[in-house]
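Worksheet: the structure to be examined is printed underneath.
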Amino acid sequence: MRQLYFAAMTRLDHQVAEKAILDFAVAVDKHRNLTKEVEGVKLEFVWDPWLNSTSLFNHLARFRERSGSADYEQLVRKEGRESASLIIAGTPGLWAARQGGDGYLDHFREGIDNLMPYLHRDIYNLISLPRTRSPAAFDELSNTVLVAPVIVPAYDRLSSSRARSMTPERIDAMNWNLQHLQPAERSHTAWSYNAMTHGHADAFLEDGIHAVDLVAERKLDIALNAHCNAALVRRGYANQITCCVPYPSLSRVQILILGISILALPVLFLDRRQDAFAWARTTLVMDVLLATATVIAVSVYCLLSDRTHLLMKQDKHFDVSDFILPLIGLAFLAAVSVRSRPPQLPSSKGLAAVSFLPREQTDEWKGWMQAFILLYTYNAASESLAMYKVRKFLVATYIFLSCYGHTMYFLRTEDYSLRRVTYVLCRLNLLSCALGLATSSEWIIYSAPLITFWFGVTYISLACFRRFNNNPLGFFLKIVVFAGCITFLMRRTHLLETVLRVLKSTCSIHWDVNILRAHYNIDRFVAYFGMLTAAAVHRVSVLRRRQHGINARAPFEKTNDALDRALLDVAYPERDAVPVKPIMIFFAVAYLVVFIILAFAAQVYRNNDAYNAFHPYTSPWFVLSAVVARNALQPLRESYVPLAAALGRSSLEAYVLHHHIWLGSDGAGILRVGRLAFLPRKVEIVVLTAVFLWARR
């Protein structure tokens, strides 16, 4: 218990704790009470191995499960009669085994009996969500008494004198008594204290009794979870906290979704071809019904799995082998499933099929990125700086490919209609908004705002002054001007804060402006590289059809002619021309090699913050170099991995759904099918992955 006292003090102020620990270490009398007030919190340690001291009885006499009014609490505080918010009572376990002789069990029971009047109510009935969301929510919490079980020591580390008295039989007998208390009384026992050290001799110090500091800190966390988590749920952590707290009651919207699902589920079993209805649009109507029913069914499953206790939630911990081995397995599957891209026909407008960064390849890239990010989040790989860098590059690559694809579509089709915009916005946001309503989660956790923002930037950049879209220099200057304006608005003005204030006042939407701005800042340039790359590729496809007179009477005619010749020299070099293309490929590969050495092997960036400062300037060139290297040779351009491409075609759905179906607590933890011994972990992963893969389709 003394370790918990010092751990709590360290949590509040480590300097004060260090001095207190040093004073205690040099003190002659170790068996004494300790007290310290730190940051307005009064901490007390009562030396009472038998649980029968006057100090303990005084604390218990003042203990009240519920706090009174503010005036009453102020009065009792002045009189020194305030109740403790949290009491952690250690049982007379090891002391009774050591000092109690053959009557150790009677001494143990006598001490426990003194606590019984304060354990009569089930602790789970005492834990309730406060009514308010303000800081006063903590004042509504119930005061708590927790009982630490008898420590199961590391028997092989005990001294010979201790080993003779602290036997497994005595320890088990005392814990057996705790396990067979009444259910309400038993609920106050923190059995996880012994569970976290079971089978881990390294969790103890050399004496085999006292735990290492890290274990003591986790024991403190458990006690604080039991007392504080209900208030934290009301302070914005409802979806990340599931320990020692009930889930909030379902909202009206969630109840409505559950009701609609009862009507929608039968639709999933209908055949889309309804021969009984001779109507031309029967198939279309059935497709809409099936899609709607599927979205509702998936939303309800996310609600049940991640917002109820139907499935357990568990913390994530990074393990290199658990992360690397699946990647090696995926690489092997990729190696045996490489296929050649089928021949592409010209488009309806007569444009030649694009061989540089074709659709199959972009889908494959998105699939590989999604596979890595899923494993990254599942295994908490953010603890590794190297893996953090890889993830940031993959996010930048996704933005590059997304803006590349949208730009290529707009340039090839010139379709800037509201219908197209509505389609893309629904495609990007429909599922995330549905899950946001079903699970009461924030829209921003799905990265939908980031992708939607860059689509909006791409659309506005191309739709405005569209006469410059067929003018290479004019298009470049337009993108530069738009990039400068958007960067100025996002970084030098309070436009984002104003928009969020309007959303908060009109729609009661609360988003963290710092998170949104950080997501923008770290990838603020790579999107424009994607737009310019798409414009260059599209220009080459146009020049293949016709070259003469394409820039006639257009602004920057001579400059555009020179740029067109340069593009053709790169894409289709003449026999005696300067080998521009091989030079570009060489520099692209060299940049990749040098940057990988600097970023990973040489560890130039020592932490996440240091790397984030350089990422906006290095990632666009890294992505562009990777794209050039991937398309350097025709066999590389024409081959792709179908498995990765299949995942890439639904990468957005996979990323959105994995927060609630593959992971739990909005991605903060992992899901478990049942108790830890119910199913082998690998079987659980297979079951959850099968459901996840079905849902993302």
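Glycine too: its Cβ is placed from the backbone N, Cα and C atoms.
Small disclaimer: the values here were computed from a predicted structure and weren't measured.
Marked as domain 'Cas1p 10 TM acyl transferase' by TrEMBL: 239-693. Annotated transmembrane segment per TrEMBL: 253-270, 282-303, 323-340, 393-411, 443-465, 472-490, 525-543, 583-602, in sequence order.
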Interface check, the transmembrane segment (282-303) with the transmembrane segment (253-270), three or more C-beta pairs under 8 A: yes
Non-local residues, at least 6 beyond the ends, that sit with Cβ under 8 Å of the transmembrane segment (443-465): 399, 402-403, 406-407, 410-411, 416, 421, 424-425, 428-429, 432-433, 435-436, 478-479, 482, 486, 511-512, 515-516, 519-520, 523, 527, 531, 652, 655-656, 659, 666-667
Touch test for the transmembrane segment (525-543) and the transmembrane segment (583-602), at least 3 Cβ pairs under 8 Å: no
Chain residues in Cβ proximity to the transmembrane segment (393-411) (below 8 Å; excluding those fewer than six residues from its ends, i.e. six or more beyond): 354, 357, 359, 362, 365-366, 369, 372-373, 424, 450-451, 454-455, 457-459, 462-463, 469, 523, 526-531, 533-535, 537-538, 615, 619-620, 622-624, 626-627, 651
Tertiary contacts of the transmembrane segment (253-270) (same chain, 6+ residues out, Cβ under 8 Å): 286, 289-290, 292-294, 296-297, 299-300, 303, 307, 437-438, 440
Positions on the same chain near the transmembrane segment (323-340), where near means CB under 8 A and six or more residues out: 371-372, 375-376, 379, 381, 387, 638-644
Across the domain 'Cas1p 10 TM acyl transferase' (239-693), average pLDDT on the 0 to 100 scale: 87
